[in-house]
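The following features are taken from Swiss-Prot:
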type: DOMAIN; residues: 1-54; note: domain 'ClpX-type ZB'
type: BINDING; residues: Cys13, Cys16, Cys35, Cys38; note: Zn(2+) binding site
type: BINDING; residues: Pro117, Thr118, Gly119, Ser120, Gly121, Lys122, Thr123, Leu124; note: ATP binding site
Amino acid sequence: MFKFNDEKGQLKCSFCGKTQTQVRKLVAGPGVYICDECIELCTEIVQEELAKDEEVEFKDVPKPVEIREILDEYVIGQDSAKKALAVAVYNHYKRINSNSKIDDVELAKSNIALIGPTGSGKTLLAQTLARILNVPFAIADATSLTEAGYVGEDVENILLKLIQAADYDVEKAEKGIIYIDEIDKVARKSENPSITRDVSGEGVQQALLKILEGTVASVPPQGGRKHPHQEFIQIDTTNILFICGGAFDGIEPIIKRRLGEKVIGFGSEKKNADVNEKHVLSHVLPEDLLRFGLIPEFIGRLPVIANLEPLDEDALVDILTKPKNALVKQFQKLLELDDVELEFEEGALIEIAKKAIERKTGARGLRSIIEGLMLDVMFELPSRKDIEKCILTKETVADNEPPKLVLQDGTVLDTKTSA
């Protein structure tokens with residue numbers, strides 16, 4: 001056996017140097033030794049670091065103003081939604097830190113409903129919140145869920161995604177955030193209860209009630225359906241923040257009708273002419289969600305309702321250029337790796353925004369538009385060492401003309417003949 005060079009030939013701890021006679025235990029490894037005292041000290045250090053991490057995550061929750069400022073770095077516009085989210089998230093984690101009770105007053109959970117058109121930033125807001133708070137985050141699609149006992153995913157599979165995001169640390173997952181997308185797709189077909197089964201609509205809402213409110217759920221570790229002979233992961237959903245997002249197409253007429261505006265009719269004046277067509281969603285109330293098809297119990301578990309406005313041309317141009325991870329910056333970085341400078345003319349940015357509005361895809365469609373414009377250039381450039389700059393012009397977007405390529409000697413290359 002390996003021995004350290006000391007006069008008595010005794011084994012020593014590789015960390016503190018104490019001999020085996022000076023300590024109670026000496027644990028041997030391949031050529032190294034550690035004593036029980038050093039093991040105890042290392043354990044304390046690790047526990048302190050873990051406690052410090054937890055303290056950073058859940059004790060030092062950013063103030064609503066700070067949350068809003070960080071959201072501004074990644075998400076353009078949507079000021080009212082950011083404010084509502086910042087307050088709701090701050091109150092949620094403040095509630096966790098107080099153990100849900102202050103002077104015997106129990107603090108209820110503030111789950112959030114995000115209502116806004118496709119591509120307005122619902123998912124990005126939820127993702128950014130999780131990044132700010134350094135908590136596990138999972139996205140689930142409500143359209144894949146069905147009531148227990150039917151073909152489709154059980155609602156418990158949503159919780160499994162969160163547990164996986166937390167590397168199977170259940171305690172950490174219990175303080176995470178779950179974003180359920182397309183929640184409007186599980187609205188029942190009419191606001192009146194049906195005597196027939198609606199397994200992908202009202203049935204899903206019923207199944208989600210318990211986990212939204214707070215319950216100890218049994219989650220199959222491998223996903224899929226439950227069966228009696230398998231082990232389950234137990235997770236308490238009381239402190240999990242749920243954000244339910246959806247476009248809620250068709251809710252605007254419901255809101256207008258409530259506000260007293262005539263949706264159909266000739267020769268009748270609008271009773272509420274102040275309602276701007278673009279800002280109808282800002283007037284949404286729980287009763288509108290009820291008429292849309294969400295059940296009262298489900299609406300009651302989403303006390304915070306934040307609406308996102310459709311993005312206009314200016315907002316889309318800002319989204320292309322201003323955020324930390326703006327698409328223009330991403331594509332410039334991609335070409336920079338091939339030693340090529342990429343420039344977007346102002347006219348090109350405006351035309352890209354117009355195309356996204358025409359396609360009704362919002363910010364989500366911006367990337368696919370730029371990918372289409374850049375495909376030929378990104379195919380050719382890695383093989384060319386004489387190109388110094390690529391310029392996307394208004395004509396590139398509007399008239400499908402190729403981008404301008406500038407050679408190292410300053411010559412502007414006609415890409416139509418460059419191949």
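For all residues, glycine too, the Cβ spot is worked out from N, Cα and C.
Quick caveat, the model's predicted, so the values are computed rather than measured.
Here the features listed in Swiss-Prot are placed on the structure.
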residue : record              : Cβ within 10 Å
Cys16   : Zn(2+) binding site : 13
Cys35   : Zn(2+) binding site : 24
Cys38   : Zn(2+) binding site : 18
Pro117  : ATP binding site    : 18
Thr118  : ATP binding site    : 15
Ser120  : ATP binding site    : 27
Gly121  : ATP binding site    : 29
Lys122  : ATP binding site    : 26
Thr123  : ATP binding site    : 16
Leu124  : ATP binding site    : 20
* To do: Note down the number of other Cβ atoms within 10 Å of the Cβ of Cys13 (Zn(2+) binding site), including every protein chain shown.
  => 22
* Looking at the binding-site residues Ser120, Lys122, Thr123, which has the shortest Cα distance to Cys38 (Zn(2+) binding site)? -> Thr123
* To do: Give the distance between the Cα atoms of Pro117 (ATP binding site) and Cys35 (Zn(2+) binding site), rounded to the nearest whole Å.
  => 62
* To do: Round to a whole number and give the Cα-to-Cα distance in Å for the pair Thr118 (ATP binding site) and Cys35 (Zn(2+) binding site).
  => 61
* Structure fact -> Three-class DSSP assignment, Cys35 (Zn(2+) binding site), comes back as strand
* Cβ contacts of Gly119 (ATP binding site) (under 8 Å, same chain, 6 or more positions away) -> Leu311, Ala356, Thr361, Gly362, Ala363, Arg364, Gly365
* Structure fact -> Between the C-alpha atoms of Cys35 (Zn(2+) binding site) and Leu124 (ATP binding site), the distance in angstrom, to the nearest integer, is 50
* Structure fact -> Apart from the site residues Cys13, Cys16, Cys35, Cys38, the 8 Å Cβ neighbourhood of the Zn(2+) centroid comprises Ser14, Phe15, Gly17, Lys18, Val23, Leu26, Tyr33, Ile34, Asp36, Glu37, Ile39
* Excluding Pro117, Thr118, Gly119, Ser120, Gly121, Lys122, Thr123, Leu124, which residues of the same chain place their Cβ within 8 Å of the centroid of the Cβ atoms of the recorded ATP site? -> Gly116, Gly245, Leu308, Gly362, Ala363, Arg364
